[in-house]
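Structure, as structure tokens:
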Amino acid sequence: MMARAALLPVALLLCLALAGNADARRKSGGGFYELKNKNGDFSIKVTNQGAAIVSAIVPDGKGNLADIVLGYDTVAEYASGSASFGATVGRVANRIANAQFVLDGKTYHLIPNDGNNTLHGGPRNFGKVIWTVKEHVHDGDSPYITFYYHSFDGEQGFPGDLDVYVKYQLSRPYDLSIRMNATARNKATPVNLANHVYWNLAGHGSGNVLKHKLQVLASKYTPVDGSMIPTGQVVPVSGTNYDFRKPTTVGTHLEIFRVGGNGYDINYAVNGKQNAMRKVARVQEPKSGRAFELWANQPGVQFYTAGGLANEKGKDGKVYRQYGALCLETQAYPDAVNHPEFPSSIVRPGHVYKHDMVFRFSSQASYYDA
Ligand SMILES: *[C@@H]1O[C@H](CO)[C@@H](O)[C@H](O)[C@H]1NC(C)=O
Ligand SMILES: *[C@@H]1O[C@H](CO)[C@@H](O)[C@H](O)[C@H]1NC(C)=O
């Protein structure tokens, strides 16, 4: 009798333990994947946790390699971290005012996660979910990896099923392209995907980016109110602290970075034809000479100098501090779904959203002086 009575709890515990394991496997379905060029001097790592870019190793003019992307050592930190390091954020990147919008006469309620606003699609945005790895070619002439995610009708409050792909690819000599698409299956929905990679071209964890030189090919920007929501105006950068039309040191307008300020976190209206691939920005770190040009086919680009970073524990024992990186997130204008005067971010059933961007790295010291 005694033995029998003891067996039951043991069997029960075993069942629970097995169920627990399966659950753990599902939850920890994230891993790291690498793409490496033929020379071995250009590589990236990505994770299917949030379809995020984890590292980018790029040479400077002397061939010195550095990892120029902020990130974490473990998949678990990508799941729990709040900085969206390298992540593919959505269904709607950036802010949606008061966590709601009206589409075709219906009001949709989202989950506020930034004061009263929704940021990057909500607390469980595309940067917080596990994506499926569809294809992975590790090396060769143009290595690539494709991630897929099915976003269900009602996920985080958004309407309709959405099939989403993100493809990372290296090509010669030092180009990293990120191609995203999303197909609305059955309902109209706003879509705005962005890659939230944090750059420091001197190397991640090497200090602030205030000496980086930046050019943004935008004559106008969208000013915001006190809760970071665009006022609806699209105004000239001329004569403001937001003028980066010519290559300009990021820290030039110091008042932006002083106590009380929080650095840059602003959307630019990129010059040129909206759905055409065009040059958006150039960045160069003066000491190493490392630089990239960013090309994309989106209406806007959010320039963010990581004002929200505060002693974030990162890769390789580094600690990331305020202004320790800059982000240039090509995308639709923030809160476009509540601003009929902005370029539309609505995708109708059967239609496809396409977002392409290319980071073209270079290490010529005279990049900007030429
Ligand atoms: C949120 O909205 C309420 C009601 O309008 C307002 O009183 C409150 O100050 C807002 N909170 C923030 C953080 O903006
Ligand atoms: C979306 O991207 C994936 C991966 O690159 C590709 O296979 C698919 O054809 C694309 N879909 C559309 C509708 O363009």
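Our numbering is plain: 1 for the first residue shown, then up by one each step along the chain.
Glycine too: its Cβ is placed from the backbone N, Cα and C atoms.
All TrEMBL annotations are machine predictions without curation.
Just one of Asp41, Asp141, Asp265 is listed by TrEMBL for the same beta-D-galactose site as Asn94, Arg95, His196, Val197, Tyr198, and that one is Asp265. The CA atom of His196 (beta-D-galactose binding site) is located 6 Å away from the CA atom of Glu329 (active site, proton acceptor). Binding residues for beta-D-galactose (Asn94, Arg95, His196, Val197, Tyr198, Asp265) extend across at most 18 Å, taking the greatest CA-CA distance.
Cβ neighbour count for Val197 (beta-D-galactose binding site): 27 (other Cβ atoms within 10 Å of its Cβ, all protein chains included). It is Arg95 that, of the binding-site residues Arg95, His196, has its Cβ surrounded by the most other Cβ atoms within 10 Å.
In the three-state DSSP scheme, Asp265 (beta-D-galactose binding site) is classed as strand.
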